Amino acid sequence: MADESSDAAGEPQPAPAPVRRRSSANYRAYATEPHAKKKSKISASRKLQLKTLMLQIAKQEMEREAEERRGEKGRVLRTRCQPLELDGLGFEELQDLCRQLHARVDKVDEERYDVEAKVTKNITEIADLTQKIYDLRGKFKRPTLRRVRISADAMMQALLGTRAKESLDLRAHLKQVKKEDIEKENREVGDWRKNIDALSGMEGRKKKFEG
């Protein structure tokens with residue numbers, strides 16, 4: 001018994017099998033096995049009813065805001081454009097009243113001009129900031145491009161500039177041979193037998209045999 005216990009103690013015991021977590025096993029089973037889709041708790045008619053109700057509420061809010069704007073505009077007009085009292089006024093008083101009205105009109109025009117300048121400045125700043133954001137994100141607005149037919153020469157001219165003409169002119173470095181020189185060379189090549197006969201003295205003897 002002692003020997004068996006010593007042998008058992010000396011042998012290495014096998015490593016235990018890895019234990020899988022239930023979460024991964026459940027996820028694998030959920031992904032592989034078919035399962036029915038969950039039904040929505042709200043029916044289609046109920047969804048349509050809720051959408052209609054939301055649209056009605058939004059319409060009421062818009063109408064209320066428009067009514068508030070109209071009321072604010074009327075209040076401002078009543079404050080700034082008070083009714084004129086012209087009864088019992090003389091000529092000079094009417095002239096003074098006209099001058100006052102013209103001064104008020106000029107003041108309102110100045111205020112309107114200042115407000116328009118501020119609005120334009122704000123719009124420009126917003127556009128600049130938006131462009132900076134696009135630049136930082138790396139999202140550039142691509143312009144609309146149209147197809148243009150271009151020849152190979154024009155393409156090389158656009159790419160290489162002044163060097164395009166030099167690169168395309170491939171015959172510039174070749175030796176130019178005139179037509180007269182070619183005819184002269186052909187004539188000389190064709191008469192080589194006559195030249196040999198004249199040099200060897202055989203020209204006169206050929207004439208005797210031919211005669």
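The backbone N, Cα and C atoms fix where each Cβ goes, glycine too.
Features reported for this protein in Swiss-Prot:
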REGION    1-24  region 'Disordered'
MOD_RES   ALA2  N-acetylalanine
MOD_RES   SER5  phosphoserine
MOD_RES   SER24  phosphoserine
MOD_RES   TYR27  phosphotyrosine
MOD_RES   THR32  phosphothreonine
REGION    33-80  region 'Involved in binding TNC'
MOD_RES   SER43  phosphoserine
MOD_RES   SER45  phosphoserine
MOD_RES   THR52  phosphothreonine
MOD_RES   THR79  phosphothreonine
SITE      CYS81  site 'Involved in TNI-TNT interactions'
SITE      CYS98  site 'Involved in TNI-TNT interactions'
MOD_RES   THR130  phosphothreonine
REGION    130-151  region 'Involved in binding TNC and actin'
MOD_RES   THR144  phosphothreonine
MOD_RES   SER167  phosphoserine
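Overlay of Swiss-Prot annotations on the structure.
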residue	record	Cβ neighbours (10 Å)
SER43	phosphoserine	10
SER45	phosphoserine	8
THR52	phosphothreonine	10
THR79	phosphothreonine	8
CYS81	site 'Involved in TNI-TNT interactions'	9
CYS98	site 'Involved in TNI-TNT interactions'	10
THR130	phosphothreonine	11
THR144	phosphothreonine	4
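Of all the recorded positions in the list SER43, SER45, CYS98, THR130, the shortest Cα-Cα distance to THR79 (phosphothreonine) is found for CYS98. When the recorded positions SER43, CYS81, THR144 are ranked by how far their Cα is from the Cα of CYS98 (site 'Involved in TNI-TNT interactions'), CYS81 comes first. Comparing C-alpha positions, SER43 (phosphoserine) sits nearest to THR52 among the recorded positions THR52, CYS81, THR130, THR144. The CA atom of THR144 (phosphothreonine) is located 50 Å away from the CA atom of CYS81 (site 'Involved in TNI-TNT interactions'). Of all the modified residues in the record (SER45, THR52, THR130), the one with the smallest CA separation from CYS81 (site 'Involved in TNI-TNT interactions') is THR130. Counting in whole angstrom, THR52 (phosphothreonine) lies 11 from SER45 (phosphoserine) by their C-alpha atoms. Between SER45 (phosphoserine) and THR130 (phosphothreonine), the C-alpha separation comes to 43 Å. Across the region 'Involved in binding TNC and actin' (130-151), mean pLDDT in this model comes to 74.
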